[in-house]
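Listed in TrEMBL for this protein:
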DOMAIN    116-188  domain 'Cation-transporting P-type ATPase N-terminal'
TRANSMEM  171-190  transmembrane segment
TRANSMEM  196-216  transmembrane segment
TRANSMEM  353-375  transmembrane segment
TRANSMEM  395-424  transmembrane segment
TRANSMEM  814-836  transmembrane segment
TRANSMEM  842-860  transmembrane segment
TRANSMEM  881-902  transmembrane segment
TRANSMEM  914-933  transmembrane segment
TRANSMEM  954-979  transmembrane segment
TRANSMEM  985-1005  transmembrane segment
Amino acid sequence: MENLLKDFEVPPKKASEEALRRWRKAAWVVKNPARRYRFVADLDKRSEGEAKRLKIQERLRVCLYVHKAALTFIDAVPSGREEYTLPEEFKRARFLIHPDELASVVGQHDFRRLKTHGHLDGICKQIRSSLSEGIITDDLSVRQQLFGFNKYEEKPSRTLFMFFIDALRDLTLIILIICAVVSITVGLATDGWPEGLYDGLGIVLCILLVIIVTAVSDYKQSLQFRDLDNEKKKILVQVTRDGYRQTIFIHDLVVGDVVHLSIGDQVPADGLFISGYSLSVDESSLTGESEPVNVSTEKPFLLAGTKVQDGSAKMLVTSVGMKTEWGRLTETLNQGGEDETPLQVKLNGVATIIGKIGLGFAILTFLVLLARFLIGKAVHGGILHWSFNDALSILNYFSISVTIIVVAVPEGLPLAVTLSLAFAMKKLMNDKALVRHLSACETMGSASSICTDKTGTLTTNHMVVNKIWICDVIKSSMDVCKDLSSVMSETVLNILIQCIFQNTSSEVCRSKEGKMTILGSPTEKALMEFALNLGGDFDARFQGCEIIKVEPFNSVKKKMFVLVSLKEGGFRAFCKGASETVLQMCDRFADNAGNCVPLSENKANEIMDVVNSFACGALRTLCIAFKDIERTTKDDDIPANGYTLVAVFGIKDPVRPGVKEAVETCISAGITVRMVTGDNINTAKAIAKECGILTDGGLAIEGPVFREKSAADMEELIPKIQVMARSSPTDKHLLVNHLRKMYGEVVAVTGDGTNDAPALHEADIGLAMGTGTEVAKENADVIVMDDNFTTIINVAKWGRAVYRNIQKFVQFQLTVNIVALILNFVSACVTGTTPLTAVQLLWVNMIMDTLGALALATEPPNEEMMRKPPVKRGADFITKIMWRNILGQVVYQLVVLGVLMFDGKRLLNISGSDASSILNTFIFNTFVFCQVFNEINSLEMESINVFPGIFRSWMFVAIISSTVVFQVIIVEFLGTLASTVPLSWQLWLVSVLIGSVSMIAAVILKCIPVERGNRSLGDGNGYQPLPTGPEGV
């Protein structure tokens, strides 16, 4: 089978258009393209959208660059303010500028028109806002009504009726409806009312039931995806309103809001720069230009959809939603839909192959039935005499053949993947994991390696200062605030507080209720809480001081600088960051009297020993230092040496509860966990040992050492690496790249920073933290909302469950397909009739397609799944174990049904005028119960005991129960429409017993040894196949 599916292979990420078009071309046996390809990317629409996007980007490029160049030449020409008519509703609300004018000024970077409006202050007054206190909350509804909502145009949601129409567009069902109408017409003409109505009406009603069940199932899927899409759009923004800092959803942003931006944020709307430091913005998403743009008071324009690459700032919102260029561009971004997943493509291939076989069998069945009918007429001399009944017979043969195609073409296979993924994504969303791309949930089930951050993922991210070295004394957090003054002077205490308050990206805010809140990263919060407990006054930190320049912290430099002017004259530079980095920049340290003492090599080594002792105690270490400068300018770089060391902090970040157990689960599942962190190597090793990541034979290495290794050394080292400390995003990207390409591993990577984006994009599964930047989230496949490593394991469990559930469904459906095809074909050849009518086949199709998918594709994960190795990249989807189960059940069912078909009357002691009807009903009933019990068998492909799986999913129990109930109704009460007759309780019992024997057959089949093949990753990746034995059953 796998050799036939070569055209149906696509990578989980970054699939080429050629690969996507290749499988579409190969999948030509499709009954209902509108339904089967609903969750498949429309490549033509995507191309159109890309062309529109490039056109808009080119226009923006011209606006932003050519327009600015032109203004430079004509700026000297005096120009009066352009007049325009302001609508009355704006005047009544006391707004003095139209939203179109605002959009034009900012969108076109029009300095002249900005000047005519009075620059930033003038615009702020015209939109009734305050640069310091923001808008008044009571004005929200008026602002949204006049200036618009910060939402982009979306396609209207599809209604249930639309899904009903889609289900009705199935070509085979349309043909059957036509046949049914003809049958009713001819039947009424020959047999009269109401007898002539029954055959055709039965088909119509069964088709209607199929369509309703299909439409409702598809509609519920669409609701799940809509909920997921809405969750993806819930981006949080920091704003100042009513004079207070608060967090709102991006859709609640209005014109006049004052927004706070930091590294990695997406600019949520068009606006003007108010204040900030070193703000650099990536406008490539709008203009296609990769060069970052520096934004300042001289260049104040900020556009929605751009990304903050460096620095921080406050901005005044001037345009929102569809008034922004980003709003117009978003219409083109998602045209064509998301790429299909590898399983969706592969099952489209399986459906195509089986469909071709089914089509061949259907044609052969029709030809055999027609040939036997014509030969019979010729033998009896009636070849030239035709009646309505003859026409009905041929029409019935055609209906049966078309129905065989309905059953044979497993249209539900690709859709079962979507159903299973949608179900898993919904459950994961409830478990704090937001899946952004369908393929990620599927791929995570094959993950063989997880490269995880430490802070916030393995640890709680609730940091507190646990120890401090200052003035050559070490104090713990319990006594530091009580007697710190006893070991140092007031001067040193003031400098310590100043180093923390001045050199920070966090803020201390008060709510309306007066509650104090610290906003910023967990590390910044820990330092800020420490300084506040020492009696520091954050609001008074800038009295007589002015910030001249800021160099924000990032994961490459591992330090942060601030340069301020002092009220007594001169300047002071502050630095904080990784201990070994800052210590190298210092040549002095502050003693207890506040004097700057030279830092000798021995003293530096002593301090480094303190740093290592903190790190070995699983503390995150941080140094702060300062340097006084006589003169400098904004254009000068902040000095990188000559600093005075003030303190070394040891910050405690406890390991999350349950992480060690989650790591053990990974190890038992054949998944290697590697910690990749920017922390000190001793801190990393201590935390890794506590989590169970670093073992006796494992290797801990620093990023700079790793990146200098040769390719041969890397090949030897990488399988042993369990911890990488002091790593940069480049090191993480390098490790991920080698794991994927050198070892063929399926790699999941966590990240939260802007610089993590390349590694998240490169990995098979990128996992962004919920507290991470918008840039990281945009490049990720899954967002871990609670930043918890245990949540990542849940994603892996559901990924494995999806893969396993689809295998179960395929095993079940292929069994039904093969039995139905062979049974009808052989019967047609031998007897000239088929034991299953069109209505009965439609009911069987519903059991194995829509209902079967709901029952088997939605089973939740179990712990047994995490005791097996991950599926190898490129492994056969339909395994030898599956073929053993399929062929074994096919043989059993064909033998039983064949014996009943040819000798059933004698074996069951059936006689009388209605013996044939009773036998055919019994065969139909037995066939259905064989499928019901085989559906139970499919819950476990290897384990003999299937009963624990029955009650894991309420959906499975409900569908099996409803199938049995409907089967009783069809046989006992709908005989006229379904061509059945009521059966005695003895025959019902025999039917159920024959069906249940398939469970005994399954036990025997599972005892037959099958070569498993190399499903694990093999020794080359440092893994051994997990042991199997009697406990596997």
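Here, residue 1 is simply the first one shown, and the rest follow in order.
Using N, Cα and C of the backbone, Cβ positions are placed for all residues, glycine too.
For the transmembrane segment (196-216), the partner stretch with the most Cβ pairs below 8 Å, chosen from 395-424, 814-836, 914-933, 954-979, is 954-979. Highest Cβ pair count under 8 Å relative to the transmembrane segment (395-424), across stretches 814-836, 842-860, 881-902, 954-979: 842-860. The domain 'Cation-transporting P-type ATPase N-terminal' (116-188) scores a mean pLDDT of 84 in the predicted structure. Sorting the domain 'Cation-transporting P-type ATPase N-terminal' (116-188) by DSSP state (H, G, I as helix; E, B as strand; all else coil) yields 47 helix, 1 strand, 25 coil.
Spatially, the transmembrane segment (914-933) is adjacent to the transmembrane segment (842-860); three or more Cβ-Cβ distances between them are under 8 Å for residues at least 6 apart in sequence. As a quick check, the transmembrane segment (814-836) and the transmembrane segment (954-979) miss the bar of 3 or more Cβ pairs under 8 A, pairs 6 or more apart, so the two do not touch.
Beyond the ends of the transmembrane segment (353-375), by six or more residues, the same chain brings 1, 4-5, 29-31, 383, 390, 393-394, 397-398, 400-402, 404-405, 407-410, 814, 817, 821, 824-825, 828-829, 832-834 to within a C-beta distance below 8 angstroms of the stretch.
Residues 198-199, 201-202, 205-206, 837, 839-840, 843, 847, 851, 854-856, 858-859, 917, 920-921, 924-925, 928-929, 932, 935-936, 939 of the same chain sit 6 or more residues outside the transmembrane segment (954-979) yet have a Cβ under 8 Å from a Cβ within it. If you look at the transmembrane segment (881-902), the same-chain residues 6 or more away from its ends with a CB under 8 A from one of its CBs are 807, 810-811, 814-815, 818-819, 822-823, 826-827, 830-831, 835, 908, 919, 922-923, 926-927, 930, 934, 937-938, 941-942, 994, 997-998, 1001-1002, 1004-1006, 1008, 1010, 1012.
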